[in-house]
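According to Swiss-Prot, the features are:
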- 27-47: transmembrane segment (TRANSMEM)
- 54-74: transmembrane segment (TRANSMEM)
- 100-120: transmembrane segment (TRANSMEM)
- 125-145: transmembrane segment (TRANSMEM)
- 162-182: transmembrane segment (TRANSMEM)
- 204-224: transmembrane segment (TRANSMEM)
- 242-262: transmembrane segment (TRANSMEM)
- 275-295: transmembrane segment (TRANSMEM)
- 344-364: transmembrane segment (TRANSMEM)
- 365-385: transmembrane segment (TRANSMEM)
- 399-419: transmembrane segment (TRANSMEM)
- 422-442: transmembrane segment (TRANSMEM)
């Protein structure tokens with residue numbers, strides 16, 4: 001049956017495209033902003049208790065596992081240098097139906113992360129200025145995120161570079177103060193100690209359990225793939241950016257947690273280990289440093305908010321260009337700013353829901369989508385290279401396209417086992433809604449709309 005709807009939308013030279021302007025360092029900074037480096041302080045008390053004082057060992061183990069998935073992303077972006085991330089990879093490596101469900105599930109993560117950052121900003125600023133109504137902070141913060149993302153992705157990248165450097169600077173000062181404290185007899189009393197990695201109290205199972213928690217700190221390194229169509233030579237630049245984002249993020253997490261663990265060998269000093277950040281800053285640097293440190297956490301949310309707002313706008317753009325969502329709205333690119341302007345505004349409207357959500361419910365929304373994306377990216381490598389392209393003849397092929405994605409998938413499987421029941425329930429409800437919408441698309445078009453772009457893949461050698 002003939003259908004007039006644009007199921008396979010050919011690239012149209014006259015259409016406004018996203019502006020290709022990002023450099024490698026800008027993409028990496030966007031990725032680090034998405035990771036929010038200072039989250040290491042939020043989880044330290046919890047993970048230190050679970051791992052018996054070996055938080056950096058848990059981060060090291062988590063980084064090793066995450067890198068397998070990062071490598072899978074790198075392989076796929078060379079083949080499909082487009083902005084859809086896991087949605088595009090599953091769509092083209094497995095089939096459009098699976099791709100749609102992966103994209104729909106990923107939206108749960110991408111769409112609500114800007115709102116969570118707005119919610120955190122509201123919490124921080126309301127604590128500092130209790131006389132100001134919370135809605136003022138929500139509206140102001142959303143306006144800033146939306147305006148910056150409307151104007152230019154370069155503007156967002158430059159802001160994020162500044163904000164990430166501010167976070168790293170305050171962490172360097174923190175480490176300096178820790179070293180001073182260690183020389184004065186605090187903690188283990190010396191910088192030259194491997195106790196945070198290995199000691200008589202180190203046991204593999206507690207460290208692995210800690211790793212399953214800190215692994216969630218790495219969620220978002222894949223968001224840089226949504227910037228592929230705004231990065232010249234994306235097939236070569238984006239794989240580097242993915243790997244560097246994961247590695248640099250891991251180095252920051254490991255370094256910060258190492259010095260913290262030397263200063264706090266156990267959690268006995270914390271009144272509330274589950275929310276130890278204010279106490280950590282107070283014990284290490286005093287009241288003034290604590291105030292500065294807490295202000296920097298606001299910068300943390302601003303950086304992550306800008307990056308996540310940009311990422312979800314690009315994912316919606318690709319799904320709109322595919323006509324999975326109405327192309328006239330979601331596939332629109334502003335002719336002057338060269339940004340997906342309507343998507344940016346819609347994400348801003350969703351972020352206003354921070355007025356009504358609490359933090360526990362909001363955070364439960366995001367992990368499901370990220371794990372779906374990670375799982376199917378690893379499966380896509382296997383299906384595209386090993387199965388479909390027949391790259392299964394040599395031991396090298398088996399290593400790159402079977403063993404490595406399998407290890408990546410197993411690592412993600414550990415995270416699935418440790419996913420909170422609330423996240424799983426909300427995720428399954430969201431996936432059910434996506435399944436119903438997919439059924440509607442199939443009934444209407446007889447197949448899922450698919451973009452037939454003009455991107456040329458780079459051979460995997």
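Each Cβ is built from the backbone N, Cα and C atoms, and glycine gets one as well.
Only residues 6 or more beyond the boundaries of the transmembrane segment (344-364), in the same chain, are considered here, and those with a CB under 8 A from a CB of the stretch are 111-112, 114-116, 118-120, 122-123, 134-135, 138-139, 142-143, 145-146, 149-150, 305, 309, 312-313, 316, 420, 422-423, 426. Sequence-distant residue pairs (6 or more apart) of the transmembrane segment (242-262) and the transmembrane segment (54-74) include at least 3 whose Cβ atoms are under 8 Å, placing the two stretches in contact.
Tertiary neighbourhood of the transmembrane segment (399-419): same-chain residues 65-66, 68-69, 71-72, 75, 208, 212-213, 215-216, 367-368, 371, 374-375, 377-379, 381-382, 385-386, 391-392, selected by CB-CB distance under 8 Å and a gap of 6+ residues from either end. Residues 40, 44, 47-48, 89, 196-199, 201-202, 206-208, 210-215, 217-218, 221-222, 225, 238-240, 242-243, 245-247, 250, 253-254, 257-258, 260-261, 374, 377-378, 380-381, 404-405, 407-408, 411-412, 414 of the same chain lie 6 or more positions beyond the ends of the transmembrane segment (54-74) yet place their CB under 8 Å from a CB of it. Nonlocal intrachain contacts for the transmembrane segment (422-442), taken as residues 6+ away from its ends with a CB within less than 8 angstroms of a stretch CB, comprise 97, 100-101, 104-105, 108, 324, 361, 364-369, 372, 448-449. Between the transmembrane segment (27-47) and the stretches 162-182, 204-224, 365-385, it is 204-224 that has the most C-beta pairs under 8 angstroms. Beyond the ends of the transmembrane segment (275-295), by six or more residues, the same chain brings 41-42, 44-45, 124, 170, 173-174, 177-178, 181, 260, 263-264, 267, 269 to within a C-beta distance below 8 angstroms of the stretch. Proximity of distant same-chain residues to the transmembrane segment (365-385), defined by a Cβ-Cβ separation under 8 Å and at least 6 residues beyond the stretch ends, is recorded for 68-69, 72-73, 75-76, 79, 85-86, 89-90, 92-94, 98, 101-102, 105-110, 112-113, 116, 216, 219-220, 222, 391, 397, 400-402, 404-406, 408-409, 412-413, 415-416, 419-420, 423-424, 426-428, 430-431, 460.
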